[in-house]
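> Below you will find the structure I want to go over with you.
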Amino acid sequence: MRCTSPAALVTFCAGLWISNHVLAQGLEAGVRSRADCEVCKEFLNRFYNSLLTRGIDFSVDTIEEELISFCADTKGKENRLCYYLGATKDSATKILGEVTRPMSVHMPTVKICEKLKKMDSQICELKYEKKLDLESVDLWKMRVAELKQILHSWGEECRACAEKHDYVNLIKELAPKYVETRPQTEL
């Protein structure tokens, strides 16, 4: 590409800078594709924001202690992420320093997850399970095994359930407790 004037070159460079800046803001604001490292990015963003709101000191030791306690309440894929990071008691490896050091200097969580991916690709292979919309799905058309899976994902169990309608009724009864009702934000 050949620029004929300095003004054209400045305009071109400014356009590149703005497009990269907007893309970076979009990645941080949640307008990103959820394909790569979704559990890592979501979890570390939530953890980082909880540290900010509580006014926690951003020292490496403090962040490590907070991460271990934050991981104590996790379930599912997030618990698996904590296991890979070494923040659970049964973890085989401990790579917490790869999270705490960059976070202590306020490195974006996207960059932290990219570094973790280079160390252990399993971290970025974690994906959240699809959320079940109980208002749109017909529970009566689901298999009993699928209904049991819904209860299991909620941490519930039905020992007295003998037939399908027992499971369906229990899910409908417990749904208000477990189904998130977030207001839809317009983009």
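Just so you know, glycine gets a Cβ as well, placed from its N, Cα and C.
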> Of the residues C82, C113, C158, which one does Swiss-Prot pair with C40 through a disulfide?
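When Swiss-Prot is consulted, C40 turns out to be bridged to C113.
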> Going by Swiss-Prot, tell me which one of C13, C37, C71 is disulfide-bonded to C124.
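Swiss-Prot lists the disulfide between C124 and C37.
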> Sorted by position, what residues of the same chain at least six away from C37 (disulfide bond) have a C-beta under 8 A from it?
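Within the chain, C37 (disulfide bond) has Cβ neighbours under 8 Å at V110, C113, E114, L116, K117, I123, C124, L126.
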> Quick check for the class: what is the C-alpha distance, in angstrom and rounded, between C40 (disulfide bond) and C71 (disulfide bond)?
12
> Given the disulfide-bonded residues C40, C71, C82, C113, C124, and counting only Cβ atoms in the protein chains shown, which has the most within 10 Å of its Cβ?
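That would be C40, with the highest Cβ count within 10 Å.
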